[in-house]
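Chemist: Pulled the feature table from TrEMBL, pasting it below:
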- 4-99: domain 'Pyrroline-5-carboxylate reductase catalytic N-terminal' (DOMAIN)
- I8, G9, A10, G11, N12, M13, A69, V70, K71, P72: NADP(+) binding site (BINDING)
- N56: NADPH binding site (BINDING)
- 163-267: domain 'Pyrroline-5-carboxylate reductase dimerisation' (DOMAIN)
Amino acid sequence: MASKITFIGAGNMAGAIIGGLIESGVAPSDITATAPNESELASLKQRLGVNTQTDNNAAVKDANVVVLAVKPQIMRSVCEAMSTSVQQQSPLVISIAAGLDADTIDQWLGGKTALVRCMPNTPSLVGIGASGLYANGAVSEAQRTQATQLMEAVGIVEWVEDEHLLDAVTAVSGSAPAYFFLMFEAMEEAAVKLGLPAATARRLAIQTALGAATMAQQSDKDPATLKQNVMSPGGTTERAIQHMEDAQLRTTIADAMQACADRAQAMAKELSAS
Ligand SMILES: NC(=O)C1=CN([C@@H]2O[C@H](COP(=O)(O)OP(=O)(O)OC[C@H]3O[C@@H](n4cnc5c(N)ncnc54)[C@H](O)[C@@H]3O)[C@@H](O)[C@H]2O)C=CC1
Ligand SMILES: O=C(O)[C@@H]1CCC=N1
C-alpha cells in the first residue's frame with residue numbers, strides 16, 4: 001500500500017489502527033499522526049516510529065489518505081480549521097467518528113470531499129479488527145479499494161450501502177469489544193467467588209472466549225448448534241444457559257445494542273446542529 005496516510009488524532013483508536021498497519025507491513029515512515037499534545041505524540045513516535053506533527057494542516061500536505069480520528073465533539077472545529085488544506089490536497093478522507101454523518105463532515109471540510117465513513121474497533125491493534133465502511137458519492141472505485149485495503153490490513157471489512165446501517169455496525173462491532181471485556185470481568189469475579197485465583201480465572205475465561213470465537217469462525221455449524229453441542233441433557237451447561245435465558249440475557253443484549261445505535265443517531269443530530 002504505497003500511500004502516505006495521516007491520522008488526525010493519535011488516541012486509542014488511531015493508535016490501534018496504526019499499530020495494526022505497521023504489524024501488517026506498512027512502513028512507519030508512510031504514516032503521520034497528529035495531536036495537540038507533544039508528550040502524547042512522543043510516546044507514539046517512540047513506540048511505533050511514525051512521523052508526528054502538532055499542525056493538522058501541515059500533516060495533510062502530501063497525504064493520499066487522511067483519517068479523522070478525533071472525538072466527534074471536536075470534529076467540527078478540527079475539520080473547519082483544515083478545510084483549505086484538504087481542498088488543496090484532495091485526499092481520500094476516512095472518518096472513524098461514531099454517529100457523525102458523511103454530509104455534515106463533507107460540509108465542514110468545504111464540500112466535494114471523497115469521504116469514507118468507517119466504524120472500526122480496537123482489536124485492529126492485534127490485526128483482528130472488524131470495520132464497517134460507507135462511501136459518499138465522491139469516492140472513486142480506486143479509493144474504495146484503497147479504503148478496503150487499509151482497513152483489511154487490520155482485520156475484516158464489511159461495506160454498507162445505507163449510511164444509517166453504520167449505527168448498527170457500531171452496536172455489533174465498534175462498541176462491542178467492551179461488551180466482551182465486561183463479560184471477562186464478570187466471569188473473573190464469579191470464578192473468584194467459586195474459589196479460583198483471579199489470574200487463573202482470567203486466563204481460563206479469555207482462552208475460552210478465544211476458543212469459542214475461533215470455533216464459531218471456522219465451523220460450518222451455526223452458534224446455536226455449537227452451543228447445543230456443549231450442553232449435555234441434565235448437565236452443568238444446561239443449568240447455566242437456562243439461568244441466562246431466565247434472566248433475559250438476550251433482551252438485555254438487544255436493548256443495549258439499540259441504546260448504542262440510538263446514541264450514535266442522537267450524537268449525529270446534536271453535533272450537526274451545533
Ligand atoms: N475507542 C474506540 O473503541 C472507537 C472509537 N471510535 C471513534 O474514534 C474517534 C477517536 O476515539 P478515541 O481514539 O477513543 O479517542 P481518544 O480520546 O483516545 O483520541 C482522540 C485523539 O484526538 C487528539 N486530538 C484532540 N484535539 C485534537 C486536534 N485539534 N487535532 C488533532 N488531534 C486532536 C487527542 O490528543 C487524542 O490523541 C472518535 O470519533 C470515536 O467515535 C470509533 C470506533 C471505536
Ligand atoms: O464509545 C464510543 O463512542 C466509541 C465509538 C465506538 C466505540 N467507541
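Glycine is no exception: its Cβ is also placed from the backbone N, Cα and C atoms.
Bear in mind that TrEMBL entries carry predicted annotations, made automatically and left uncurated.
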Chemist: DSSP helix, strand and coil counts for the domain 'Pyrroline-5-carboxylate reductase dimerisation' (163-267)?
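Modeler: Grouping H, G, I as helix and E, B as strand yields 87 helix, 0 strand, 18 coil.
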Chemist: Same-chain residues six or more away whose CB lies under 8 A from the CB of K71 (NADP(+) binding site)?
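Modeler: G9, A97 - these are the non-local Cβ neighbours of K71 (NADP(+) binding site), listed in sequence order.
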Chemist: Tell me, how many other CB atoms lie within 10 A of the CB of A10 (NADP(+) binding site), whichever protein chain they belong to?
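Modeler: The answer is 26.
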Chemist: What's the most sparsely packed of the binding-site residues N12, N56, counting other C-beta atoms within 10 A?
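Modeler: With the binding-site residues N12, N56, fewest surrounding Cβ atoms within 10 Å: N12.
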Chemist: Counting across all protein chains present, how many other Cβ atoms fall within 10 Å of the Cβ of I8 (NADP(+) binding site)?
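Modeler: Result for I8 (NADP(+) binding site): 26 neighbouring Cβ atoms inside 10 Å.
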Chemist: Quick check: in three-state DSSP terms, what is N56 (NADPH binding site)?
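Modeler: Assignment for N56 (NADPH binding site) reads helix.
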Chemist: Within 10 Å of the residue listed as 'NADPH binding site', Cα to Cα, which of the binding-site residues I8, A10, N12 are there?
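Modeler: If one measures from the Cα of the residue listed as 'NADPH binding site', the binding-site residues that come within 10 Å are I8.
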Chemist: Using a Cβ cut-off under 8 Å and a sequence separation of 6 or more, which residues in the same chain sit near A69 (NADP(+) binding site)?
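Modeler: Listed in sequence order: F7, I8, G9, A10, G11, M13, A14, I17, I96.
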Chemist: The record names I8, G9, A10, G11, N12, M13, A69, V70, K71, P72 as the residues that bind NADP(+); what is their largest Cα to Cα distance in Å?
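Modeler: Per the listed residues, the maximum Cα distance equals 14 Å.
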